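Participant: One structure coming up, written as structure tokens, with questions to follow.
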Amino acid sequence: QEGRCLYVILLMALYWCTEALPLAVSPQYFLDTNFLFLSGLIMASAIEEWNLHRRIALRVLMLVGVQPARLILGMMLTTSFLSMWLSNTASTAMMLPIANAILKSLFGEKDTSKDMNRENEENQASLQQNKLYTVPTEMQFLASTEDKDLTEEKEVASDALSDLKKEEEYKTNIWKGFLISIPYAASIGGTATLTGTAPNLILLGQLKSYFPECDVVNFGSWFMFAFPLMLIFLLLGWLWISILYGGIDLRGWRTKKSNIRVDAEARAREVIKEDYQKLGPTKFAEQAIFFFFCMFAIMLFSRDPKFIPGWASFFAPGFISDAVTGITIVIILFFFPSQKPSLKWWFDLKAPNTETQPLLTWRKAQETVPWNIILLLGGGFAMAKGCEESGLSVWIGGRLHPLEGVPPPVAVILITIVIALFTEFASNTATIIIFLPVLAELAIRLKVNPLYLMIPGTIGCSYAFMLPVSTPPNSIAFSSGHLMVKDMARTGLLMNFMGVLLLSLAMNTWAKSIFQLGTFPAWANIHAENATSLLTAVENVTLSAL
């Protein structure tokens with residue numbers, strides 16, 4: 001072990017002395033995109049530090065109501081909103097305990113109810129084996145009365161058991177609907193902002209690498225495109241989950257709710273209120289975090305929204321980027337006080353000089369920020385740059401002749417389907433790193449705007465709903481023990497289908513005006529010319545070698 005450590009030290013020293021590799025290894029690890037992502041992660045850490053996310057979640061649930069369909073909607077809205085700013089995994093992990101607490105107040109402990117139901121079924125089977133019928137215990141002394149009375153009692157008992165079975169099935173379905181809606185909402189919500197999920201940032205980074213002159217994709221333009229898509233998909237997903245799992249009963253919507261369900265909803269309402277009251281009055285730190293969070297979103301959105309001049313137009317072109325904006329705002333969190341400052345302190349010479357805690361400490365940021373994801377992004381950008389510089393992406397593009405006759409709208413649908421299926425079994429980050437160079441070259445071959453193919457490929461990576469292993473949010477929900485693979489498969493199949501159609505609709509309607517998709521842009525022309533010259537050089541080298 002000591003020898004291995006010495007070997008690593010000597011190897012690093014050799015590289016440093018000879019500079020066989022650049023000292024920083026690769027500048028791709030420190031692109032603007034990485035710092036934009038870092039600013040979002042730091043903001044998320046501050047939100048989690050002061051429980052602002054929990055206050056927002058409980059407040060939304062209090063507003064939407066406690067009927068199962070409304071609660072599912074509230075869960076999905078809250079999870080998707082949080083996932084726009086926090087990671088999908090963190091949003092899911094935060095919302096699941098809240099969902100479980102509400103479900104337990106509605107239906108009691110699910111495992112316990114299962115055991116009771118199983119015990120009742122075993123008792124029923126035992127009684128029927130002995131040619132006896134189940135009757136209420138307090139009525140057993142009437143067993144020797146007339147046959148007519150006994151028949152009536154059997155019918156009442158049978159109806160009661162049937163109602164109990166239906167109620168238990170209803171509880172199980174609602175429980176599944178709650179749990180499955182949260183990871184789906186997290187995956188959908190993460191697509192709405194550039195910082196919401198890693199594939200969005202990889203797209204931005206690879207655009208800057210492949211097409212340095214492309215400036216149409218930024219936080220504001222992406223939000224204008226992806227946020228309406230997210231809302232439509234979220235609404236349709238909610239309807240599908242609510243109908244499938246009994247939150248919305250199309251056949252019995254006029255029937256009166258049972259007293260059991262009314263009481264359960266009242267208990268759920270009390271649980272939500274109690275949890276909200278435990279948070280206490282809104283603290284100064286929460287108000288400050290909310291203010292900086294709103295400033296963070298507004299400043300990023302209004303920097304260069306494309307449809308009107310943004311505030312960045314007051315500076316020299318290229319001087320202000322999304323990363324500069326995000327990092328500038330989150331730096332304030334490290335010195336802004338978490339307690340309301342008193343003006344009297346400045347005029348009271350005898351006031352104690354006590355140190356105030358900032359909204360976020362660097363130690364907390366170190367503990368909560370997933371630095372491995374930033375390194376993963378850097379690795380992806382380095383791989384993409386390697387594909388570009390070596391000519392690999394051009395070589396792949398040269399093998400795409402059979403696809404050149406495919407109409408672009410059909411290509412969008414096919415690309416989204418293929419990537420959505422691929423990412424069911426592979427990491428969405430790895431998937432997009434593999435496919436984006438291919439899509440860029442395919443777009444140049446088809447003479448369409450590269451964004452017309454690269455954006456559907458990027459968002460399609462987040463549409464992984466069918467398997468527990470597809471995404472970390474799916475795995476977290478599945479690990480609760482109340483979902484089966486077939487539940488996710490049958491629900492996720494239609495979700496994938498809806499996602500593909502909605503994405504195709506978005507790309508052929510409002511996305512065209514936002515990203516100017518109707519023309520082949522000049523910045524893609526420059527890349528096409530460079531790629532042609534590089535391909536010629538590669539072919540010449542190959543021929544000379546032969």
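Keep in mind that glycine also has a Cβ here, set from the backbone N, Cα and C atoms.
Just so you know, TrEMBL annotations never went through curation; they're auto-generated.
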Participant: Checking feature assignment: transmembrane segment per TrEMBL, candidates 28-52, 53-77, 178-202. Which range matches?
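Facilitator: It is 178-202 that TrEMBL describes as transmembrane segment.
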Participant: Would you say the transmembrane segment (5-23) and the transmembrane segment (369-386) are in contact under the rule of three or more C-beta pairs closer than 8 Å, pairs 6 or more apart in sequence?
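Facilitator: Contact absent: fewer than 3 Cβ pairs fall under 8 Å.
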Participant: In the same chain, which residue numbers or ranges, 6 or more beyond the ends of the transmembrane segment (491-511), come under 8 angstroms Cβ to Cβ?
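Facilitator: Distant contacts of the transmembrane segment (491-511): 180, 184, 225, 228-229, 232-233, 236-237, 240-241, 244, 409, 412-413, 416-417, 420-421, 452, 455-456, 459-460, 463-467, 470, 517.
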Participant: Counting only residues 6 or more past its boundaries, what in the same chain has a CB within less than 8 Å of a CB in the transmembrane segment (451-471)?
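Facilitator: Beyond its ends, the transmembrane segment (451-471) has Cβ neighbours at 88, 183-184, 187-188, 190-191, 197, 199-200, 202-203, 206-207, 214, 216-217, 225-226, 229, 408, 411-412, 415-417, 419-420, 423-425, 428, 431-432, 435-436, 439-440, 442-443, 477-478, 483, 485, 488-489, 491-493, 495-496, 499-500, 503-504, 507, 511, 515, 517.
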Participant: Does the transmembrane segment (406-439) come near the transmembrane segment (178-202), with 3+ Cβ pairs under 8 Å (pairs 6 or more apart)?
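Facilitator: Checked: the transmembrane segment (406-439) vs the transmembrane segment (178-202), in contact.
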Participant: Mind checking which residues of the chain, 6+ beyond the ends of the transmembrane segment (178-202), have their Cβ under 8 Å from one of its Cβ atoms?
Facilitator: 33-34, 36-37, 39-40, 68, 71-72, 75-77, 79-85, 87-89, 91-92, 95-96, 99, 102-103, 218-219, 222-223, 226-227, 229-230, 233-234, 237-238, 241, 245, 322, 326, 373, 376-377, 380-381, 428-429, 431-433, 436, 458-459, 461-465, 471, 473-474, 476-477, 480, 482-483, 487-488, 491-492, 495
